[in-house]
Amino acid sequence: MGERQAVKVAILGTGNIGTDLMYKLLRNPGHMELAMFAGIDPQSEGIARAKKLGIPTSYEGIKAVLDDPEIRIVFDATSAKAHVRHAKMLREAGKIAIDLTPAARGPYVVPPVNLGAHLDKDNVNLITCGGQATIPLVFAVSRVVPVRYAEIVSTVASKSAGPGTRQNIDEFTFTTAHGLEAIGGAEQGKAIIILNPAEPPIIMRNTVYVIPANEEFDQAAIVASVDQMVAEVQQYVPGYRLKDAPVFDRRRTPWGERTIIAMLLEVEGAGDFLPPYSGNLDIMTAAAWRVGELFAQHLLGIRQEVAA
């Protein structure tokens, strides 16, 4: 067997998301080699953990990443405000940015929906945890019948929402709603996030409501499309599951009496670093890993079949 081909990658941001992504890369590096784990807090628990694991670390933030010309892919797990600044510097340095913040300097990507169309970009955005969880389901409906309206409610454990999540609440609602439209295929989207302080903490729960643009659709085809999409997401997020089959219900809406499709979704984390109830964070790091792996394969010239 030949030597494993790998692209050098870096993680920028040493909080919960950055640290969980670090463990995912160590558990399953694929075609990636973690060459730098950088933040700005010398007392960061994440940096301490990385040092013990023998990973190169720095608390000089993006400077440390820019100083290594061999790093090709950078996962930015900082904040929306920070990424606006980082995006320009990474682009000028010729590095690919995978943005885990709601900054959205590059196109939105959801791995099983549209990643293949953006493998030539130098910056892609993973939207939000709610977007990664729910956009696949809206897209699964919209590829069968046009969607007039999609609304999602993401409920996450308060304990799983760190300062970055709390600071980005407004960006979450706007970015997720736009993702429901731009990628999910809905004419109009709306997103709501709820932080639930219950003890013991609950796993991530999402309610997805979809109103088709017309009544001329095959319910069985929609159910089959949704089931296929769930199976695709489960390839990189094993804890992603529907609570039950989609429910079709006639209700009054602003567009008259219509069929509303309701789907209840849970996301349980893999427990790489964060507790299993943090499915909202896990789906972001799992999606980031998947996007990074496919970018690495693309850079290495490895053929792949990816949704476009």
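Cβ coordinates are placed from backbone N, Cα and C, and glycine is handled just like the others.
It should be emphasised that the depicted structure is a prediction, and the values quoted were computed from it without experimental measurement.
The NAD(+) binding site annotation in Swiss-Prot covers T14, G15, N16, I17, S160, A161, G162, P163, G164, T165, R166, Q167, N168, N280 and is backed by sequence analysis. The active site, acyl-thioester intermediate annotation in Swiss-Prot covers C129.
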Fill in the blank from the handout: Within the same chain, the residues at least 6 apart in sequence whose Cβ is under 8 angstroms from that of T14 (NAD(+) binding site) are F37, A38, G39, D41, S44, E45, G46, I47, A50
Handout entry: Whole-number Å value for how far S160 (NAD(+) binding site) lies from the residue listed as 'active site, acyl-thioester intermediate' (Cα to Cα)
Key = 12
Exercise for the section: Tell me the Cβ neighbour count for S160 (NAD(+) binding site), meaning other Cβ atoms within 10 Å of its Cβ, over all protein chains shown. Expected result: 24
Completion exercise
Smallest number of other CB atoms within 10 Å: among the recorded positions C129, G162, that is G162
Practice task
Using a 10 Å cut-off, grab the number of neighbouring Cβ atoms around the Cβ of R166 (NAD(+) binding site), all chains included.
Solution key: 11
Exercise for the section: Please work out the number of neighbouring Cβ atoms within 10 Å of the Cβ of N168 (NAD(+) binding site), leaving out its own Cβ. Expected result: 20
Handout entry: Residues that sit under 8 angstroms from N16 (NAD(+) binding site) by C-beta distance, when 6+ apart in the chain
Key = G162, F273, L274, S278, L281
